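> Under the heading domain 'Protein kinase', TrEMBL lists 16-270. Annotated ATP binding site per TrEMBL: LYS45, in sequence order. What TrEMBL lists as region 'Disordered' is 273-294. Annotation source TrEMBL lists compositional bias 'Polar residues' at 282-294.
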Amino acid sequence: MSGTVDEVAELKKSGYALGALLGEGSYAKVRSAYSSKTNARVAVKIINRKKAPRDFREKFLPRELDIIKMVDHPNVVKLYEIIEFNGKVFMVMEYAGHGDLLEYIKLRGALQEDRAQVMFKQIVLAIGYLHDRKIVHRDMKCENLLLDCMNNIKISDFGFARQYEPSDVSKTFCGSAAYAAPEVLQGIPYHLPSHDIWSMGVILYIMVCASMPYDDSNIKKMVSQQLEKKIGFSRYKKLSSDVKDLIMRLMEVNVKKRPNIVSIKEHPFLQSPQANGECDKNQQAINSSYRQEG
């Protein structure tokens, strides 16, 4: 499926040659493109304002555009340019060529813990960066964790993201039920960063088990299992006590006991040389970007 003639022509004027369709929703699609400015491949998210519901146009889309413009982290998909034309928004972004984390796990199976440590530490660093800037993602799931050519994590899709104050709570249900905390599924006003923390626990479970912690086909039953703290680990896959402990802590039902990013970084599971090596490289990249901005 090719882009419309108008889309192709408008992007060509801006130096982008549209390529293959990477994904499509009801009012947005993502295409690959080639940038003549950088001689490199990029991804273009095309949002059709005319087809989008009103709350998306007036609330969620402006938030997404504001947030994606202000973030700059090695493990967050980078925005290069926003083009608006004929009722459509074109977000030109970094291209992550190795698909998403869910595809990666489906292809390779459960990750070895040393690999999971590195990838999960990258997620922790990126979410820590966002939370430090009072930004919450609210749609953390394996499909929104893209992989570059070196299989580094790139958090994408800020469609439900918002800025917040520490005292803020929300009643808005965002994201996928399978990754949502019990308080979100129950419609209880929730502390915004805690939403991301629970979802990270689900992601880590999927990384090391290659399955979901709960069956989300029956939400009522799933919430009941969550509240009873029933998280099963396969007897056939040997997992360390450290990774199981971290998953249990991240998926803590009591929001007041659920850890923040600072304590997650200090957890024994993330103290391996591999994970800390990635942490050092990421911090160097962040420091370098700050120096360039200054």
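Here the Cβ of each residue, glycine as well, is placed from N, Cα and C on the backbone.
All annotation found in TrEMBL is predicted automatically rather than curated by experts.
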> Within 10 Å of the Cβ of LYS45 (ATP binding site), how many other Cβ atoms can you find? Include all protein chains, please.
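There are 23 of them.
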> Can you tell me the three-state DSSP label for LYS45 (ATP binding site)?
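Assignment for LYS45 (ATP binding site) reads strand.
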